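Participant: So that we are looking at the same thing, I have put the structure below in structure tokens.
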Amino acid sequence: MTQAPVTAGTPYGTIPPASPLPQRRPVSLPRLAQMREAGEKITMVTAYDATFAAVADAAGVECILVGDSLGMVCQGLHSTVGVSLQDMCYHTASVARGLHRVQGTAWLIADMPYGSYAESREQAMRSACELMQAGAHMVKLEGGGWTAPTVQFLVERGVPVCAHLGLTPQTVHALGGYRVQGKSDEGAATLRRHALELQDAGASMLVLEMVPAQLSRELTAELPHCHTIGIGAGSGTAGQVLVLHDMLGVNLGKMARFVHNFMADAGSVKGAFEAYVHAVKNGSFPDDSKHAW
């Protein structure tokens with residue numbers, strides 16, 4: 001008789017050698033497209049290590065982003081600009097190992113950090129290869145229409161790409177701070193043009209950060225082949241993402257408007273992830289009257 005794998009507790013946290021959960025379908029781009037067609041919201045959180053990634057996966061989170069936000073929440077930097085490609089590969093590999101050990105099904109996305117793709121398409125390809133070899137299923141890069149040729153170059157060579165518009169933290173100094181983007185008619189038109197260019201270039205996903213809810217809703221309808229993931233962009237996107245530390249209330253400063261502390265009413269970290277998934281799926285988070293502009 002085959003015995004179930006034994007989970008041995010250690011003083012340093014426990015990740016079982018094989019998942020005790022029922023087998024689930026691995027998340028893939030076709031699976032995400034099916035979810036969108038069915039009207040099911042996509043959930044995403046950031047994670048930077050094996051344990052949190054495994055717990056998020058067990059709670060049913062579909063996508064895990066190894067964000068360059070690790071510079072601020074893990075390394076103590078004031079922005080994401082100081083994060084290196086080596087840093088991103090290290091944390092991506094850690095998350096990938098955590099998911100592998102529990103037979104995780106989440107779709108793993110890794111940020112391409114500042115300075116790793118702007119010089120040339122060839123530089124971007126080399127950087128993307130390192131992240132994919134570390135375990136990523138997709139890479140994410142920030143920037144408007146100027147990144148479209150790079151996106152197309154990567155996609156044509158088999159690298160799935162998630163784009164990022166609105167507030168782009170890597171260029172926060174050029175934007176004048178952490179401000180809502182696309183509020184003016186001119187700003188909205190520019191965002192729309194860039195979003196369409198990125199979809200045409202082959203981007204499969206698009207993070208919209210701190211973009212007015214109505215504009216995000218309109219863009220989502222206009223981008224049938226590019227799944228919009230909102231953070232401070234209202235409830236009309238195809239899915240939502242939050243930074244791990246924000247959604248767990250691990251923050252000593254003022255909470256951003258678009259954040260909700262899911263740990264406040266949860267008995268465990270896994271419970272907080274489950275509450276987040278449930279709230280996004282049933283439409284109670286985000287609440288446009290509280291979490292959007």
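From the backbone N, Cα and C atoms, a Cβ is placed for every residue, glycine too.
Because the structure is a prediction, the values reported are computed rather than measured.
What Swiss-Prot records for this protein is below:
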- E209: active site, proton acceptor (ACT_SITE)
- D68, S69, D111, K140: 3-methyl-2-oxobutanoate binding site (BINDING)
- D68, D111, E142: Mg(2+) binding site (BINDING)
- 1-26: region 'Disordered' (REGION)
Participant: Could you list the residues of the same chain, at least six apart in sequence, whose Cβ is under 8 A from the Cβ of D111 (3-methyl-2-oxobutanoate binding site)?
Facilitator: L65, V66, G67, D68, S69, T80, V83, M88, V139, K140, L141
Participant: Count the other Cβ atoms sitting within 10 Å of the Cβ of S69 (3-methyl-2-oxobutanoate binding site), across every protein chain shown.
Facilitator: 21
Participant: I need the most crowded of these recorded positions: D68, E142, E209. Count other C-beta atoms within 10 angstroms of each C-beta and give me the top one.
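Facilitator: Counting every other Cβ within 10 Å of each candidate, the maximum falls on D68.
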Participant: What's the CA-CA gap between the residue listed as 'active site, proton acceptor' and E142 (Mg(2+) binding site) in angstrom, rounded?
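Facilitator: Between the alpha carbons of the residue listed as 'active site, proton acceptor' and E142 (Mg(2+) binding site) there are 11 Å.
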Participant: Other than D68, S69, D111, K140 themselves, what residues in this chain have Cβ atoms within 8 Å of the centroid of the 3-methyl-2-oxobutanoate site's Cβ atoms?
Facilitator: T46, L65, V66, G67, L70, T80, V83, M88, A110, M112, P113, E142, P169
Participant: Ten-angstrom check, please: count other Cβ atoms within 10 Å of the Cβ of K140 (3-methyl-2-oxobutanoate binding site), all chains counted.
Facilitator: 24
